[in-house]
Amino acid sequence: MTAKPTIAFSHLGCEKNRIDTEHMIGLLAEAGYGIDANEALADVVVVNTCSFIQAAREESVRTLVELAESGKKIVIAGCLAQHFQDQLLAELPEAIALVGTGDYHRIVDVLQRTESGERVNAISQEPSFIADENLPRYRTTTSAVAYLRVAEGCDYRCAFCIIPHLRGKRRSRSIESIVAEAKQLAAEGVQELVLISQITTNYGLDRYGKPMLAELLRQLGQVDVPWIRIHYAYPTGLTPEVIAAIRETHNVLPYLDLPLQHSHPEILKAMNRPWQGNVNDRIIEKLKEALPDAVLRTTFIAGFPGETEEHFRHLQQFIQRHEFDHVGVFAFSPEEGTAAIDLPNPVPDDVKEARRDALMATQQPIAERRNRAQIGRLVDVLIEQEHPSTGLKIGRSARFAPEVDGVVYVQGDAALGQLVTVRITDADIYDLHGEVASAADLFQVSRQPSLA
């Protein structure tokens, strides 16, 4: 009997891609394939690619070319495979298979077919699959953190975004399925669940006929996981019911990742997000009133076609006015297959980059000021790693999401994968510094009257 090839994975792109990678690893391991972290030692490398913007495609292509030049057999999975399909097989002889964004559950069959010499194109033209709690999964995050996908795909048609083409229409999992997987992850010792989809506030609309995020949060409140974090909350979906569920569910963090993209109504209309233009300010104000301790992250696009200096200043003032905790800014990237590529009045590349840098410079003192407000506080920190040279523990407080926000550098003994109370002693633009709380610190907290 011929031995099965050893497989390595190269993961690129977002956390949704990461979950796809984790399912492929789990499926292959269950089928008896050896999984090697070292690409050089593996017989086949599965590259789970990103194709969201030009820079991501370039990174994916560089990775593929480097592996091809080293003589590796390659399986191209993910968004680049979904985007370009047969073109990749034609241009990369080393590519033995393509696996689409809705086809990762077929990875074992794909590998078996390649072993007989077939070049496999396993791409559904309209991705429709979404994994549930029964599909094998091997997590690649730190032991205490897991991403939990509640839905896949998107029915919106924002002018700049190619995701509906790459990921298909929205399809939500059932509440029962999501809660079952959350319980599995809790049993593995996970301390933080990060809920993800393309638009998490629209969870359930396709399955139940109305958004069901509020009900999902309340159900997840019964799961023994200390932290539940919401990513990709479309601002107009933050209904009073959702806000109440966040406020009233003990393990749901008051942390909201809001992809606002811009502030000016004219640009939002051009982005095909017109309903957002006149409510951005009201939404932020309502959130801060209902959730005064909320941590707000957002992303913006600089240099969208037609963006004038007036539009740019409007966005800059919006950032100054609302003082977000975390802001990411991307220079607009024109994408084939989106409406924005044909819009008039494109902004020159150097202007886009300058505006991006200016917006980040606007945010930095705000971020540092908000971080410095943490100095002296006792906060829970999830310890995730140890610095190899200093011995400092590295973790995150509730105000920091994994991978996209800052970290907390902690002095003192603290077990990996556990929540530890830390006194914050210093702060900079992106990170906090602290020390494990003393017994006196904890006694002082226990003596404070309840604010409930």
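Keep in mind that glycine also has a Cβ here, set from the backbone N, Cα and C atoms.
Features of the protein shown, as given by Swiss-Prot:
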| type | residues | note |
| --- | --- | --- |
| BINDING | C14, C50, C79 | [4Fe-4S] cluster 1 binding site |
| BINDING | C154, C158, C161 | [4Fe-4S] cluster 2 binding site |
| DOMAIN | 5-116 | domain 'MTTase N-terminal' |
| DOMAIN | 140-369 | domain 'Radical SAM core' |
| DOMAIN | 372-438 | domain 'TRAM' |
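All chains included, 22 other C-beta atoms sit within 10 angstroms of the C-beta of C154 ([4Fe-4S] cluster 2 binding site). Around C161 ([4Fe-4S] cluster 2 binding site), a 10 Å sphere centred on its CB holds 23 further CB atoms from the protein chains shown.
Counting Cβ atoms from all protein chains shown, C14 ([4Fe-4S] cluster 1 binding site) has 18 others lying within 10 Å of its own Cβ. Distance from the CA of C50 ([4Fe-4S] cluster 1 binding site) to the CA of C161 ([4Fe-4S] cluster 2 binding site) is 13 Å. Using a 10 Å radius centred on the Cβ of C50 ([4Fe-4S] cluster 1 binding site) and all shown protein chains, the other Cβ atoms total 21. Per-site Cβ counts within 10 Å over the binding-site residues C79, C158 peak at C79. A distance of 15 Å separates the Cα atom of C14 ([4Fe-4S] cluster 1 binding site) from that of C154 ([4Fe-4S] cluster 2 binding site).
Applying DSSP to the domain 'MTTase N-terminal' (5-116) sorts its residues as follows: 59 helix, 25 strand, 28 coil. When the alpha carbons of C158 ([4Fe-4S] cluster 2 binding site) and C79 ([4Fe-4S] cluster 1 binding site) are compared, the span between them is 18 angstrom.
Taking the centre of the Cβ atoms of C154, C158, C161 as the [4Fe-4S] cluster 2 site, the nearby residues of that chain (Cβ within 8 Å, site residues left out) are Y156, R157, F160, I162, I163, P164, Q198.
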